[in-house]
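Please read the structure below before turning to the comments.
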Amino acid sequence: MSDIKAELFINGKYRKSSSGETLSIYNPNDDSLVTDQVHVASEKDVNDAVAAAKAAFPKWSRMAGHRRAAIMLKFADLLEKNIDKLAKLESVAMGQPISMAKGMIRGPAALWRFYAGFAGKIAGQSFPPDEDGTYKIVKYEPLGVCGGICAWNGTHVLAAWKMAPAMAAGNTFVLKTSEKSPLSAAAYGDLLNEAGFPPGVINILTGAGPTGAVLASHMDVEKIAFTGSAQAGRKVMEAAAKSNLKHVSLELGGKSPALIFDDAHLENAVKHTSISFLMNSGQICFASTRVLVQEGIAPKYIEAVKKSFQNAEKMMGDPSLKETAFGPLADQKQFERVMGFLRDAQQEGVQVLVGGERKGDKGAFVQPTVFLNPDLKSKVYTEEIFGPVISVTTFKDEAEAIKLANDTTYGLGSTIYTSDIARALRVADEIEAGTVGINSAFNTSPQTPFGGYKHSGLGRESGYAGLHAYLQPKTIHINMKTPLPAKL
């Protein structure tokens with residue numbers, strides 16, 4: 001792809017890294033080199049991006065809401081107009097099937113439009129005087145310069161969750177893309193300029209962990225929003241605390257359960273715990289990787305899910321082809337990580353229902369894999385694998401299902417399959433997770449908040465909660481009781 005732009009976008013212009021350092025991207029489909037010219041933002045580059053955002057903040061935050069909204073809406077239109085190019089960049093970088101990559105752009109475009117509707121409509125509150133004689137006003141103000149660090153499994157979604165509400169609230173932004181999938185977001189610069197964003201309002205940096213560390217610890221960044229591993233999230237939170245006590249939101253993945261009761265619609269449950277789960281080759285943070293099945297329906301479910309996973313492997317292949325449903329893992333590092341879990345499971349004697357091996361002899365492909373009744377302390381049951389791998393465990397009754405579901409340090413997602421709506425809502429109340437899907441795999445929406453309990457993170461993105469994460473309240477009291485002194 002000769003049209004790849006992988007330079008830094010700072011203050012409205014593309015530029016090379018000040019250090020000259022670059023990194024390479026390899027296509028996980030066939031291990032071929034995509035580009036070796038992804039510029040790595042140095043500390044100086046991060047400082048320049050933050051300085052540009054800080055300089056742009058006063059004018060942007062005071063711009064009329066309808067004008068900011070118009071710019072955001074234009075950017076959403078440009079995302080869709082350039083969907084083929086952006087999807088191809090995402091696909092060659094991290095192996096996402098081209099059909100899915102396009103869907104992962106349409107959704108963020110809708111999210112930008114959703115938040116554009118809030119620009120200029122962020123209302124405050126007022127409270128009349130009571131016995132204290134004061135009239136109270138609460139107004140909500142933007143934070144200032146905000147930063148975002150994206151994971152690689154859904155670049156456009158994660159970028160939109162961070163940048164769109166920040167823009168609606170009147171903040172400016174510095175986004176650090178993942179080193180695994182930097183190409184599509186790096187192409188944003190031209191679109192941002194065409195949409196009409198003033199220079200410095202949004203800056204896009206490419207680089208690896210050290211670049212993100214500089215951003216997270218920067219004294220002029222008022223908020224950092226991070227999506228990634230729990231280990232890296234802790235480092236981000238520590239950097240925020242040791243610098244200027246900046247606001248922090250973290251989305252750190254999960255080990256989500258799917259609870260399938262005896263009265264569930266079998267075909268529907270199988271579909272959503274296999275085909276829906278395998279989208280993005282299992283590289284979705286809230287995907288239900290621990291399938292808990294009631295004993296009565298378990299034999300039929302196990303046989304059906306085995307066939308579904310076997311069929312899914314036949315639909316796995318070159319992500320650039322429109323007929324491909326499932327692609328490779330993001331890169332060789334992720335491939336080796338997932339294969340390590342499979343080897344550990346084999347050494348522990350975990351029963352493999354289907355899969356468990358590499359697919360083919362090139363690229364980062366792993367067979368869709370199902371483990372049966374692993375030890376509840378085993379790595380494949382307790383740790384986030386982030387690949388096309390699920391475990392199936394049986395349970396006797398509702399109480400045991402809830403106990404098993406909550407027996408995890410994570411709490412991001414969950415799904416419940418039953419024809420009894422009372423049970424579904426009762427169990428949903430007991431599940432320790434930020435999101436619950438009933439009779440379908442959970443899906444995000446612009447209107448609703450997304451985030452997790454426990455080790456799955458801190459704060460929320462999307463929805464009204466996502467907007468307020470980029471605002472700070474200011475309370476004003478007006479003395480309405482005591483007369484002011486006469487003018488001298």
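In case you wondered, yes, glycine gets a Cβ from its N, Cα and C as well.
Keep in mind the model is a prediction, meaning the values are calculated, not measured.
DSSP assigns GLU251 (active site) to a strand segment in the three-state reduction. Other C-beta atoms found within 10 angstroms of the C-beta of GLU251 (active site) number 27, with every protein chain shown included. TrEMBL lists GLU251 with the feature active site.
Predicted-model confidence for the domain 'Aldehyde dehydrogenase' (15-476) is 97, expressed as mean pLDDT. Residues or ranges marked as domain 'Aldehyde dehydrogenase' in TrEMBL: 15-476.
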